[in-house]
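Here is what Swiss-Prot records for this protein:
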type	residues	note
REGION	1-269	region 'Amidoligase domain'
BINDING	SER15, LYS190, THR191, LYS192, PRO193, THR194, GLN195, LYS226	UTP binding site
BINDING	SER15, ASP150, ILE151, GLU152, LYS190, THR191, LYS192, PRO193, THR194, GLN195, LYS226	CTP binding site
BINDING	SER16, LEU17, GLY18, LYS19, GLY20, ILE21, ASP73	ATP binding site
BINDING	TYR56, GLY357, LEU385, GLY386, MET387, GLN388, GLU408, ARG465	L-glutamine binding site
BINDING	ASP73, GLU143	Mg(2+) binding site
DOMAIN	295-537	domain 'Glutamine amidotransferase type-1'
ACT_SITE	CYS384	active site, nucleophile
ACT_SITE	HIS510	active site
ACT_SITE	GLU512	active site
Amino acid sequence: MNQTKYIFVTGGVTSSLGKGIIAASLAKLLQGRGYRTTIQKFDPYINVDPGTLNPYEHGECYVTDDGAETDLDLGHYERFLNVPTSQANNVTTGRVYLSVIEKERRGEFLGKTVQVVPHITNEIKDRMQLLGKSGDYDIVITEIGGTVGDIESLPYIESVRQLVWELGENNGIVIHLTLVPYLAAAGELKTKPTQHSVKTLMESGIKADILVCRTEHELSQELRQKLALFCNVKKEAVIQSIDASTIYEVPNLMLEEGLDVVALKKLDLPKKASPDLKNWNTFLKRLKSPKQTVNIGLVGKYVEMQDCYKSILEAFIHAGAANETKVNVISIHSEHINADNVEEKLGTLDGVLVAPGFGERGIEGKIEAVRYVRENNIPFFGICLGMQMSVIEYSRNILGYADANSTEMNEKTPHPVVNLMEEQKNITDKGGTMRLGAWKCDIKPNTLAHRIYGEKTISERHRHRYEYNNKYADELQKAGLKASGVNPDTGLVEIVELENHPFFIGVQYHPEYKSTVANPHPIFVNFVAAAVNAHKK
């Protein structure tokens, strides 16, 4: 293909309709037909990136290989497509404005008055085409965050309008995702919210090419005809997106509805072969027909909101399917764990994952959880802060340093077994300043980590400021907590493990970010397998 084609996905009526899942599902189908496809997300908030956002407000912050702190939708894109994303795949209003203001300060606008149109919209359009101009992709799908009609989204909607016009016929299309609610009192689906949403989009100068309708009930042919007539689309372009039991069913549902076929027709592209979803459907079959069930505790600080640990929960789905096992993830708030109730909270579980996080709140509960699973031979997996808690717990209860701590929690601790990284000590800005992105790790032979990975050197994604303090490495090693993975350049300990334990591993990095449907992460796969063994015993 000579020219990259563009698909824009907008949303109406309400937020959280699943634009990201629809975009990822369409991309999966187009990828399955042989088209090189990527997805990008444009977020209307003024933060430069979501790295400093409270997890309760935004859900997890997803990290790419190149160290970008991004929206959690990029995790969905990677999990569906099995292709890495980058900084270019996520743009925020804050980043756009920052770039334009920096250009103005450098004098790049030749003294002109800088305005939303054309300067902000031109910046948005340039970023929308950045991946397309790389030559790596046939089709670029762009998800516009927010809801049509929101004041924050207006510059993006205007940019889409201009870009579709500039690209010319068959080179750019708009998919509008909307809600068709069911009124139980009337016993029928109502199309009026969708009609008004499309009308709002048209007032901005954009005609939707395809309508994707989220619904709890089947759309009748009459209803589809009505939507087509009043929303000015062809009947074949009215796509039903009925509620599914798992997001991984959505590509098949969109295939049945013909979303990819309609999109290709609008873009004047050949259908090529039918999408190859053989491996995807094998995964789905394993997911829906498990042979056993395990209960794994997720000990964290933000467990009230599932999106805070989105990638971890999805990684358990991938690992569960790989083991033909249903993984029941039981959320346990670390603030609610203490020495008196830890057995009641964790005693019946088949495994415990101590989750990542920041700050002092709930720390003692995490440390108590690590102690209990270590002493009772329950499979343990610690990620980032969870790994650091295992080091603190071991230092306190095995080395006898009762006041061992991280300098994040206590700057004056006499035993800082977890310490601020040297390169972080003079940094004052919070945004984008952590140790971020993919870093190498050398794995020692004859260790649990080596059995899991089967490789000498791995690359994993990081997001942290604090690290294992190597001053205590010899003592911890002699006492049994092995450092089995180390960064080859800095000597930073990345993996710790216990030898005489069914499964005990802590990692400084975030393996959940690299788990996909096609490649479940090996630590999660082995952790679930260990939980299965524990359950059988």
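Glycine residues also receive a Cβ, built from the backbone N, Cα and C atoms like all the rest.
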Would you kindly give the Cα-Cα distance separating PRO193 (UTP binding site) and MET387 (L-glutamine binding site), rounded to the nearest Å?
48
Express the distance between the Cα positions of LYS192 (UTP binding site) and GLY386 (L-glutamine binding site) as a whole number of Å.
49
Rank the binding-site residues GLY18, GLY20, PRO193, GLY357, GLY386 by how many other Cβ atoms lie within 10 Å of each Cβ and give me the one with the fewest.
PRO193
By CA distance, which of the recorded positions (ILE21, ASP73, CYS384, GLU512) lies nearest to THR191 (UTP binding site)?
ILE21
Ranked by the number of other Cβ atoms within 10 Å of their own Cβ, which of the binding-site residues LEU17, MET387 ranks first?
MET387
Drop a 10 Å sphere on every Cβ of the recorded positions ILE21, ILE151, CYS384, LEU385 and tell me which sphere holds the fewest other Cβ atoms.
ILE151
May I ask which residues of the same chain, at least 6 positions away in sequence, place their Cβ under 8 angstroms from the Cβ of GLU143 (Mg(2+) binding site)?
VAL9, LYS19, GLY20, ALA23, ILE39, GLN40, LYS41, PHE42, ASP73
Taking only the Cα atoms, work out how far LEU17 (ATP binding site) lies from THR194 (UTP binding site), in Å, as a whole number.
13
Cβ atoms near ASP73 (ATP binding site) (within 10 Å, other residues, all chains):
26
For GLN388 (L-glutamine binding site), what residues in its own chain, 6 or more apart in sequence, show a Cβ-Cβ distance under 8 Å?
GLY382, SER406, VAL418, TYR466, TYR468, GLY506, GLN508
State which of the following recorded positions has the fewest other Cβ atoms within 10 Å around its Cβ: LYS192, HIS510.
LYS192
If you count the other Cβ atoms within 10 Å of each Cβ, which of the binding-site residues LYS19, LYS190 comes out on top?
LYS19
Binding residues TYR56, GLY357, LEU385, GLY386, MET387, GLN388, GLU408, ARG465 (L-glutamine) - maximum C-alpha distance in whole Å:
23
So which of the binding-site residues is most packed in, judged by how many other Cβ atoms lie within 10 Å of its Cβ, out of SER15, SER16, THR194?
THR194
Hey, how far is GLU408 (L-glutamine binding site) from PRO193 (UTP binding site), Cα to Cα, in Å?
49
